[in-house]
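Pulled from TrEMBL, these are the features on record:
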BINDING   C:Cys46, C:Asp48, C:His107, C:Cys110  Zn(2+) binding site
Number of protein chains: 4
Amino acid sequence: MLARPLPDYLVRRYHGWKATSYAENRSWYRRLAEEGQRPRAMVISCCDSRVHVTSIFGADQGEFFIHRNIANLVPPYEPDGNQHGTSAAVEYAVTTLRVAHLIIMGHSACGGVRGCYDMCEGNAPALEDKTSFVGRWMDLLRPGYADLPEGDEATRVAALEKAAVMTSLGNLMTFPFVKSAVEAEELTLHGCWNDISTGGLEVLDAETGVFHPV
Amino acid sequence: MLARPLPDYLVRRYHGWKATSYAENRSWYRRLAEEGQRPRAMVISCCDSRVHVTSIFGADQGEFFIHRNIANLVPPYEPDGNQHGTSAAVEYAVTTLRVAHLIIMGHSACGGVRGCYDMCEGNAPALEDKTSFVGRWMDLLRPGYADLPEGDEATRVAALEKAAVMTSLGNLMTFPFVKSAVEAEELTLHGCWNDISTGGLEVLDAETGVFHPV
Amino acid sequence: MLARPLPDYLVRRYHGWKATSYAENRSWYRRLAEEGQRPRAMVISCCDSRVHVTSIFGADQGEFFIHRNIANLVPPYEPDGNQHGTSAAVEYAVTTLRVAHLIIMGHSACGGVRGCYDMCEGNAPALEDKTSFVGRWMDLLRPGYADLPEGDEATRVAALEKAAVMTSLGNLMTFPFVKSAVEAEELTLHGCWNDISTGGLEVLDAETGVFHPV
Amino acid sequence: MLARPLPDYLVRRYHGWKATSYAENRSWYRRLAEEGQRPRAMVISCCDSRVHVTSIFGADQGEFFIHRNIANLVPPYEPDGNQHGTSAAVEYAVTTLRVAHLIIMGHSACGGVRGCYDMCEGNAPALEDKTSFVGRWMDLLRPGYADLPEGDEATRVAALEKAAVMTSLGNLMTFPFVKSAVEAEELTLHGCWNDISTGGLEVLDAETGVFHPV
């Protein structure tokens, strides 16, 4: 096992945080530690460094249970005894924490979605390789490619980003504990898409399948 | 597919963010969108709502590529053609984004680690079930239980939280592309543990296997 | 005197509000500041974090003069020269602001009412202590306990929550300035009860003493 | 007991809220009702219709335990067995709910503070009357008048509004349970002042006794 000391610039910033944000909220952090978290919502967003849902939604420590993976994808329910990190996160949020909202947050310029698009267009042989973890992960989105509208590439890629959100929402309902929580009105699902460049936020209207700016 | 409008309070806060943080940083966000992200580090942390590495490290949009899963675990390299979300995130960060640092951030009061501890103690039959995603995910940490020091439960659980960080670091080195990047000195690995209550941050000294406060 | 800086997350959200809601309503806020408030109604509701009459009634800045205390109670008229915060608020609303409506808003799952119920059942010795501010405050509701219907505990506690609304309305009429404003038809009184779980709203029919859903 | 049906315009707005905000948050409201509230902060603000701390701070149901009285005043600790509504609210927030923050929010153009100023200047004989609830309530702020700076009336009145915040903070520390929670770092106190006209927010720096814009 290899590990190195933390870079200085991060240590310095940490000390700054400790002396300011932490100090102003010490009592809240203590209580969160003692009584446990009780987040109102789970958010599944991309690992992308440009997407910070806590900033966008003004959330602080304790508010959101956040899972981040490539392209904010949820796989279908598959209780085969293997490791499913995303499914574990969803299970914990819904059955243990009993979050009231589950928000899938897609975004523009998503590298994972772009990779899926390129695979489907036949332009990404490396991603097709069985050993490509990104390729196999993005296979989850392949069905979304079939339904893309005609149009220029930018339009089709943005549509595939939104299809990723819809795919995740669809797959979520294959989990028995999600389905039953939704049907019992203990959980609501939400789909969003963030335009990094313009700061725009669009929300899915499930009746029409269209994302509308808020 | 089910989806509901976003709760009002999040929409209001979003508009507030758009008019302030976004507006002040529009040119940077545009450039991030046009030129793509170039994060300096990848961070793997827990989904827990009480852990915000961007706060702790004063990071802004574009700095950290962040994967969050239950208990900040990285599984071993297993290129079997199945979906491995964590491995996909690591692959993308190391081979495509070529991050310079990969930080595993553990934390106190981790529900996933606690579940693993209870399983190993024989006190969590529900987690042992084949269909428990959390249980199967936490199997990754079972080997860490064998090495726990004697002591009271709180000590042993905290030790298991740190073992989760070390397990992830160990597993990372089983990925050929991680190993070669580390050996080429293009990537450094780091292990940390955050005490939610005290705001403390401890960093792993790999030589001794001990976590020291920064 | 001790005071600490405001937590960051509230400062950020405030800046968001300033740049959006405030900015869109600047002229109205200026006028409210220059000409003074002229609220149409006073609302007396509980401090409970789950009860927001401005949300429920779509009210904006300037509409409601709002007093919030434990269990939305109004004490009887007692001009003894001591401090009576609730009576002061009622006096200001009725004699200076001359509001047209005075609404008492009760709610389900009220911790204060629950405390009173437990005292009356002999199960809350700590609240009986002379130094318990909550206990002494809830003494105001003790007479309501005598009239509770037979039934299970949930039914009786909900009945006591509604008795709190009726007690307040009864006590309001002991204030000479309230009585004369009501008799002059310059003021009307209203009693409501909000079910937090279902979002229900019931309004008191004074003729029958029954609360009906609107 | 007198009570009238709710005005139509409020009933209509309520139905609108029920069909929108409530519907989007039903699962959260249910959970709040079942598990109880766990607000992070208590806010004490004025009844004034122009001050909405939930708007200013982007807070939603469940976040703030809110007491509102004339001029956001907290009286000194006085466990004499009489009714003290403000003290009851503070006691419940600190000892039962164990809030992490207690925020006193003052504001400009405060009618209660103005009344106190006029009394102290000898210009408000009606408020001096023993039977004036507003007058007796505002007696709590009389000591603040002695320390006002020289200057024009507007300056002095604004200073008295800020003195109300400081008086409340000082009085809070006379409550044994507040003092011990602050000393145990389980509670932090904060003082603010909101300028209604400009939407400004100033926060008290307790070291200097000066309010600074955030």
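Backbone N, Cα and C atoms are what each Cβ position is placed from, and that goes for glycine too.
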Here the binding-site residues C:Cys46, C:Asp48, C:Cys110 meeting chain D with a Cβ under 8 Å reduce to C:Asp48
For C:Asp48 (Zn(2+) binding site), what is the tally of other C-beta atoms lying within 10 angstroms of its C-beta? 29
Around the recorded Zn(2+) site, report the further residues of that chain (criterion: Cβ within 8 Å of the mean position of the Cβ atoms of C:Cys46, C:Asp48, C:His107, C:Cys110; site residues excluded), sequence-ordered. C:Ser45, C:Cys47, C:Arg50, C:Val51, C:Ala71, C:Asn72, C:Gly106, C:Ser108, C:Ala109, C:Gly111, C:Gly112, C:Val113, C:Glu161, C:Asn194, C:Ile196
Distant-in-sequence Cβ neighbours of C:Cys46 (Zn(2+) binding site), under 8 Å, six or more positions away: C:Arg68, C:Asn69, C:Ile70, C:Ala71, C:Asn72, C:Met105, C:Gly106, C:His107, C:Cys110, C:Gly112
By a simple count, how many Cβ atoms lie within 10 Å of the Cβ of C:Cys110 (Zn(2+) binding site), its own Cβ left out? 26
